[in-house]
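See below for the structure under consideration.
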Amino acid sequence: PASPHTEATSTHNYPNLTDDAGNAPKDSVVLSAYSTMDLVDKDPDEDDPWNLPELQDTGLKWSELDVKGKVMRVLTSIVKFILLVGFLYMFVCSLDVLSSAFQLVGGKAAGDIFQDNAVLSNPVAGLVIGVLVTVLVQSSSTSSSIVVSMVSSGLLEVQSAVPVIMGANIGTSVTNTIVAMMQAGDRNEFRRAFAGATVHDFFNWLSVLILLPLEAATGVLYKLTKIVINSFNIQGGDNAPDLLNVITDPLTSAIIELDKTVISDIATGDPAARNKSLIKIWCKTEKITTLLNITVPSAANCTIGVPCWVEGNKTWTQINVTETINLERCNHIFAYANLPDLAVGLILLALSLLILCTCLILIVKLLNSMLKGQVAVVIKMVLNTDFPFPFGWVTGYIAILVGAGMTFIVQSSSVFTSAITPLVGIGVISLERAYPLTLGSNIGTTTTAILAAMAAPGETLANSLQIALCHFFFNIAGILLWYPIPFTRIPIRLARALGNRTANYRWFAVVYLLLCFFLMPLTILGLSLAGWQALVGVAVPIVVLAIFIIIVNLMQTRCPRYLPSRLQNWDFLPRPLHSMAPWDRVVMSGMAFCGIRCCCCCKCCQKTEDEEKGGKERKKSQEMYDNPALTRDDEPLEVPKETVKATQL
């Protein structure tokens, strides 16, 4: 017979499992037993995955070591620091080679995309073209230089170039998103790292969502930068200082060197550039300009100021002919390899990704071993602690300045944000602190572009500087929109929600990457090529539907009583339309099938399956009291038949 406690639990905790007389029916389903003993002293924030983990020092204290132990610890720390610097150097170099590989694979395609000037006049099309080109060449500086070349040659107006610069700002954040995916082995590290990377994406997309319509309607960025250009007598200066490139160029130049003018020439319509290789073969050349006598139909065809004479029945004049003489061949490893650009690009892509993953894993391992005990406490206090009241608000703005300064030093926002992404993953930097550092990185990369524009030739100085200033003011406006007031820091909340989703379904990170940086821009570009009618006809219903879903979701969370009963949840829709679980089963089944067929095992998937099996075994072994409050809403309430029979006895 059942004990009184069991009867009370089975009838009072689950009233829906009893009949009118209060007796449990024979075919009722009894929930699995959950222990409530640990709820008494459990801290509700103890298992919060967003809490920065404590890196425990498992070794002996310094005071407990003898002289030999202290010497060995010092030497070990020095070796680890040297290795860390070396891996960081290789990490940065691999990012540079990765950019070169993408340019070899898709650089000419990027130039072709820029050729259609009619499409670029559409602000939305210009935006997605900026995204696609920057993703293809893995460098916002390269895409910006292409835009400057087109503006200087008269193929594109500055006002039409502003949306392209906005798109370049979005495309440059794909690098640190790829870096975050390398930490998918640990669920919580991946949660934090992916959120730290995508907070940059959300900031850029939200800024574009507000500023692109405003720019298309009023031209505010164009007019503001025009006023700045006209107000100051700006003179050309020296080139932007090479800081990090001085250190990385010896290695990257020994691997590959590119002639980036080929992409710009293709974009500006030079037919000869299409047959040129992006791989630089001759590193030292000399151009010699000579006068050449040619014949013209008549004296009217002679250029004013150039000698023109008639000899017999022919009219002669002179033109300047520039000849390039190759003096010194490059020394990189592909200078003598007769391989097409695509083959070299694929080789470098595989090589750079391999080095990138290896360096990132080793950096995370080293940081985990170094940041222990008091060292971790000090570093976390310095990076994540705010100033005392009432100056706590100043801390974020100092972080913005630090991010801008560090990006100016390394001369690449991709390098800086990719470097702090693994630090967010292992818990050294919080997401709230990574956000202002990322905003500062956006400012830092624009100051480098402004200095580069200041060094432009006189005929392109004004256009180059105006485009760089448009980029600068776009990021400043975005910061004013999404940072000063804590309530407006929406990118942090969105990144945290996406981090939770990708931690539960790690394959969704790949879907997000493909959707935001490839599929959606390509779809919008295709609709733009079909005409504005097609773009409006498809985009407007989708936007209206998205706004409706967002509003309903907010009302379901905050004030569901104002919604019709049918809209208070999404259960009336098919399950695949409001839950990731069915898609997860399909993906996991497909990966399991591929794993069996290809004889390869995915570590992440194995770990997920092991965790799920372990969770089911723990549920079976728990024996305290039934507690329906702890069950998950999206799981069926199932229990082994043995438990049902034991409860009914």
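Backbone N, Cα and C atoms are what each Cβ position is placed from, and that goes for glycine too.
Note that the coordinates shown come from a computational prediction; the quantities given were computed from them, not determined experimentally.
Taken straight from TrEMBL:
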type	residues	note
COMPBIAS	1-16	compositional bias 'Polar residues'
COMPBIAS	610-623	compositional bias 'Basic and acidic residues'
COMPBIAS	631-649	compositional bias 'Basic and acidic residues'
REGION	1-26	region 'Disordered'
REGION	610-649	region 'Disordered'
TRANSMEM	78-104	transmembrane segment
TRANSMEM	124-148	transmembrane segment
TRANSMEM	160-182	transmembrane segment
TRANSMEM	202-222	transmembrane segment
TRANSMEM	342-367	transmembrane segment
TRANSMEM	387-408	transmembrane segment
TRANSMEM	464-485	transmembrane segment
TRANSMEM	505-528	transmembrane segment
TRANSMEM	534-555	transmembrane segment
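For the transmembrane segment (464-485), same-chain residues at least 6 beyond its ends with a Cβ under 8 Å from one of its own Cβ atoms are 144, 147-148, 151-152, 158, 161-162, 165-166, 168-169, 203-204, 206-207, 210-211, 221-222, 224-226, 228-229, 234, 396, 400, 435-436, 439, 442-443, 446-447, 449-450, 452-454, 456, 491.
No contact links the transmembrane segment (160-182) to the transmembrane segment (387-408), because fewer than 3 Cβ pairs that are 6 or more residues apart lie under 8 A. A Cβ distance under 8 Å defines the sequence-distant neighbours of the transmembrane segment (342-367), meaning residues of its chain 6+ beyond its ends; these are 80, 83-84, 87-88, 90-91, 93-95, 97-98, 100-105, 179, 182-183, 189, 255-256, 279, 334, 422-423, 425-426, 428. Most Cβ pairs under 8 Å to the transmembrane segment (202-222), among the stretches 78-104, 124-148, 387-408, belong to 124-148. Within the chain, the transmembrane segment (124-148) has long-range Cβ neighbours (under 8 A, six or more residues past its boundaries) at 98-99, 102-103, 105-107, 109-111, 113-114, 156, 160-172, 174-175, 208, 212, 260, 263-264, 267, 412-414, 445, 448-449, 452-453, 456, 460, 463-464, 467-468, 471, 517-518, 520-522, 524-525, 528-529, 535, 539.
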